[in-house]
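One structure below.
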């Protein structure tokens, strides 16, 4: 048994004991936050429980979808993921005006289409084409990244436009179009959304073993295969984050202007 | 027919869209400007002078008006080409570029100034020499073109902003207290430059002023309690 555990390709299951130890660790951290009066114990335990339930649910769902092996079920799950991502993006972005469901939905849909056509179908090219064990994780990773990037970019854009109120007015007063007047905010916001993605790309492999590669190795996969997969996914994620970030900015910047191209900052 | 006219000029602040009656700052005002004319607008703080100017430049989302320039209705312009011809110069100077030169050249990078959609043939991008002369004329001879505008005093910044707006050679300039923080000598230089633009380019200038009349305006209008009245000239 001991020898077997050293062989490559061995899979170590996490049992109830393992999960309990994890919770013990979280409880310890929670106690620490109580002692230090950080006021985060409740939300920490709650988020931990929530993440366990969500991840387990996702695990069961993917398992079911893989076993069902039906393209319609795969597509339905992807649609559901996109809709949930829209909702998460909108709640996560502070200080944004109402009515941004359509631009966010469109951005996420376009991004999913691009990533899944390129990464899933062109690069990995599974058989059958709808192989859920490829499509679902790729979509999930991409949405996770994009939700964070878009939420940050949107909050920043609206607060930056408000802060640049006088500047925007001056630009418009000299004949600038709304896009020209909003451009500095668009650039600053899109950049801010990209920082974590770019940082991850540059630092991965040196200190950080990205989650996907780590998971594949821990689950007994070939580390070199895992590295290739991880590179494709990271590079694709960065590109799609830039595309999604740019798209959402183009779709929302006009919200700060009236039909007559007058500046109307959103006070939320 | 006036060179520039405004009728039914109103500004109403609605708290939210469901509310029918918001706070009315002014309503149904009329004013006109002739070619090459300087008109002053005075009135107590908060009477809405800046809103009048912004409304005339189609910049105020709370305002509505029927505007014409050289007999053409503002609706026949794009908002950008209207603002390119009727330039509003805000009271608060905003210079975001790294140098004075870039700050003055900023609007010449806008698409409206790259393809001539405005009324007159497009205004040529000024060369450094012209900007230098303009600064000297405004008493800014100690301000180098490569200076960071953030390092200038507010009064200096205001004059750089004025020069920038004048370089665009608008048909109408709406100047909002550009000489508010200036010493009498600098204020006179600002007045002289506007006078020059009015006389030689036919620019119509509407100035919001708090200072005593400098004798350059042909009329002085006073805005108070939502009413616009013509003030007797001393």
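Glycine residues also receive a Cβ, built from the backbone N, Cα and C atoms like all the rest.
What TrEMBL records for A:16-36 (among others) is transmembrane segment.
Same-chain residues lying 6+ beyond the ends of the transmembrane segment (A:48-66) with a Cβ under 8 Å from its Cβ atoms: 19, 23, 26, 73-74, 77, 132-133, 136-137, 140. If you look up TrEMBL, you'll see A:48-66 (among others) marked as transmembrane segment.
Residues or ranges marked as transmembrane segment in TrEMBL: A:72-90 (among others).
If you look up TrEMBL, you'll see A:102-124 (among others) marked as transmembrane segment. Counting same-chain residues at least six beyond the ends of the transmembrane segment (A:102-124), those with a Cβ under 8 angstroms from any Cβ of the stretch are 78, 82-83, 85-86, 89-90, 134-135, 138-139, 142-143, 146-147, 150, 232-233, 236-237, 240, 243-244, 247-248, 251-252.
Annotation comment: TrEMBL describes A:130-154 (among others) as transmembrane segment. The list of residues near the transmembrane segment (A:130-154) in space but at least 6 beyond its ends in sequence, with Cβ under 8 angstroms from a Cβ of it, reads 58, 62, 65-66, 69, 71, 73-75, 77-78, 81-82, 85, 88-89, 92-93, 96, 100, 104, 107-108, 111-112, 115-116, 119-120, 124, 189-190, 192-194, 196-197, 212, 233, 236-237, 240-241, 244-245, 248-249, 252.
The transmembrane segment annotation in TrEMBL covers A:192-219 (among others).
The transmembrane segment annotation in TrEMBL covers A:231-253 (among others). Away from its own ends, the transmembrane segment (A:231-253) comes close to residues 100, 103-104, 106-108, 110-111, 114-115, 118-119, 123-124, 138, 141-142, 145-146, 149-150, 153-154, 157, 178-179, 182, 185-186, 189-190, 193-194, 197-198, 200-201, 204, 210, 212 of its chain (Cβ-Cβ under 8 Å, at least six residues beyond either end).
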